[in-house]
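Step one of this worksheet: look at the structure below.
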Amino acid sequence: MADRTSRLGVKRKEKTVESKVNDERDKDKGKEKTVKKPDKPVKKDEKSPESAEAEEKKRNGESDGATGAEAKNSEGNGGFQPIELPPFEIVTGERMSPFYFKFQFRNVEYSSGRNKTFLCYRVDTAGGDTEPLKGYMEDEHAMAHVEEAFFQQVLPNSSKEHDITWFVSSSPCAACAAKLATILQQRKKLRLTIFCSRLFEWEEPEIREGLKALARAGCKLRMMKPADFQLVWEMYVDKEDEEFAPWEDCKENYEYYLEKLGEILN
């Protein structure tokens, strides 16, 4: 929930320049690790969100020609010259693409290329007199992190009792955890449960302290188990007739992160 500049300072491998993303991807090619499997053959490299999104659009017949700037660079220099990514707004919707779910929510330990946070939410009002609010949000190169944006856009000033459930691709950074703790302390009628696919930078002392403070403020922190990934697939993914197939080590990675979260909170 800190501004984008501060979040980039926290994350290890985020790049805002497309050429740096490509360089990093090339360096990491074939080297992405899975949790607790150092002696297993290295898994095939994950694509970066930018290249993967382009591939998905191509499959759907949505690929476009080069933009004016890209075409000019291509003609003048014999190839595309990377340009700095522009700022984007918080993206919201009811359902995400299957590709983004499979890539962003995969609970690997080393998450190279995953430079945004996806947040699926459900808001239940006490008494059940209104329909639950449901949807998803994502952030990338935005001024506010998605956790902060939720309380700005979805539930800004309500004084009612709400039970809020989040399924997030990564646990909050230190700044986000502190802001969430403050919100929960100020708005006593809110009850927040966060199911995390991965723990973000859990080795860092400030991250660990942030999660502890969040738990002390009343937030219930959980790790996503295979059944939770299935739930998100059913409720928040535009899957059509595609069935959800858990990836390799999904359950083992959940158990690994569950152990780490227990060490932090106990």
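The chain as shown is numbered from 1 upward.
Each Cβ is built from the backbone N, Cα and C atoms, and glycine gets one as well.
Taken from TrEMBL, the feature region 'Disordered' covers 1-85.
Under the heading compositional bias 'Basic and acidic residues', TrEMBL lists 15-62.
TrEMBL lists 96-214 with the feature domain 'CMP/dCMP-type deaminase'. A mean pLDDT of 89 is what the model gives for the domain 'CMP/dCMP-type deaminase' (96-214).
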Quick check on the domain 'CMP/dCMP-type deaminase' (96-214): DSSP residue counts for helix, strand, coil, in that order please.
38 helix, 31 strand, 50 coil
